[in-house]
Amino acid sequence: MTDTRNGEDNGKLLYCSFCGKSQHEVRKLIAGPSVFICDECVDLCNDIIREEVQEAQAESSGHKLPAPKEIRTILDQYVIGQERAKKVLAVAVYNHYKRLNQRDKKDDIELGKSNILMIGPTGSGKTLLAETLARLLNVPFTIADATTLTEAGYVGEDVENIIQKLLQKCDYDVEKAQMGIVYIDEIDKISRKSDNPSITRDVSGEGVQQALLKLIEGTVASVPPQGGRKHPQQEFLQVDTRNILFICGGAFAGLERVIQNRSARGGIGFNAEVRSQEMGKKVGEAFKEVEPEDLVKFGLIPEFVGRLPVIATLDELDEAALMQILTEPKNALTKQYAKLFEMEGVDLEFRPDALKAVARKALERKTGARGLRSILEGILLDTMYEIPSQQDVSKVVIDESVIDGSSQPLMIYENSEKPAKAAPEA
């Protein structure tokens, strides 16, 4: 092949055989036998080939299902603590996808689907666990908020919208969507308001639970195509939810009291075991004793509880766990902020007493790991505002006094022997 740049071939103007642009409209034109291709079309072809190769590799790697121990090892890299929950999730997810791999083989025994219920305080890692599972298995994943769902025909989101979101994640590939994972958050917020079935419509509570029943158990959902309901003449997509893994999660505030009340009723008479109301001091410890009847007492209907046979309970995060979360995971917050500062050519150092103070503040706010980012964002705001405009800062040090608000981050300059405090923006 010859490389034709700005000259003309025998006095004729040359054109790209693919896009039709002339040699004057592109940077480079490559000549072949009776054809020409420009540099822009070469780049486009490279992108197409790269995407197809990546998809083929992803599909081939998807056939190898990691063992439960391997799944837990990967979860350990992103989620601190919650050892029991990680083991429960690893086994449940492994069995689910093992069941899917066997579904084409003829067998008298049909394996049922085991959806998962995660119970744990706010910021304990429920969403992160579900996200990490989907990422390591390379399957479509979507998050739905149960508080926005209503029964069909009422203002709000229909439960079928969950499947539409899943389809959007995989470019409306129905086959891929049917192997996906759906995480429904705030599931405790759709509990019915009393133990007795309501005679009035509860469109965002018990009504939503009823609507979710078939979807979670397995049904063929009719989902509008990409155009949505604006084009009613288009055929609806039929999505079978039998093989979609549903993970429901919630904080279930107050469930620990239901569990403790049941435990306190241990028995009567001289031989009855005496139990103290103070037994479950920690919410996470109480959650470990949860029974289906407790969830029904809390406000979930029995049929809905029955569709979630695997229960994973998460512990409250203590100060030590929060400090680990700040530094140990692959995507730990301190590593993320250090990377941001590194892009400016500045080192960022967190002293151990600073990490402890951040963990204490998150505990006081009762936000768990979710509150760590907002705390760090607040203390680093002024520094991140100033540093891009300063060329000679080499290091920023954060200690306990910065977290407490009594001083500003310490900024160390390359050409100055005397370190300076970052000045807050007036």
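Positions of Cβ are set from backbone N, Cα and C atoms, glycine also.
Over in Swiss-Prot, the protein carries these features:
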DOMAIN    4-57  domain 'ClpX-type ZB'
BINDING   Cys16, Cys19, Cys38, Cys41  Zn(2+) binding site
BINDING   Pro121, Thr122, Gly123, Ser124, Gly125, Lys126, Thr127, Leu128  ATP binding site
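Listed in chain order, the extra residues whose Cβ falls within 8 Å of the Cβ center of the ATP site residues Pro121, Thr122, Gly123, Ser124, Gly125, Lys126, Thr127, Leu128 are Gly120, Gly249, Leu314, Gly368, Ala369, Arg370. Note on proximity: among Cys16, Cys19, Cys38, Cys41, the binding-site residues of the record, the Cα nearest Ser124 (ATP binding site) is that of Cys41. The two recorded residues, Cys19 (Zn(2+) binding site) and Thr127 (ATP binding site), have Cα atoms 46 Å apart. Surrounding the centroid of the Cβ atoms of Cys16, Cys19, Cys38, Cys41, where the record places Zn(2+), the chain contributes additional residues within 8 Å, namely Ser17, Phe18, Gly20, Lys21, Val26, Leu29, Phe36, Ile37, Asp39, Glu40, Val42. Checked against Cys41 (Zn(2+) binding site), the binding-site residues Pro121, Thr122, Gly123 differ in C-alpha distance, with Gly123 being the nearest. Distance noted between the C-alpha atoms of Gly125 (ATP binding site) and Cys16 (Zn(2+) binding site) is 54 Å. The 10 Å shell around the Cβ of Cys16 (Zn(2+) binding site) contains 21 further Cβ atoms across the protein chains shown. Here the Cβ of Cys41 (Zn(2+) binding site) has 18 other Cβ atoms within 10 Å, regardless of which shown protein chain they belong to. Same-chain residues at least 6 positions away in sequence with a Cβ under 8 Å from that of Lys126 (ATP binding site) are, in sequence order, Met118, Gly120, Asp185, Gly249, Gly250, Leu314.
Ranking the binding-site residues Thr122, Ser124, Thr127 by the number of CB atoms within 10 A of their own CB puts Ser124 at the top. Comparing local CB density within 10 A for the binding-site residues Pro121, Gly123, Gly125, the maximum falls on Gly125.
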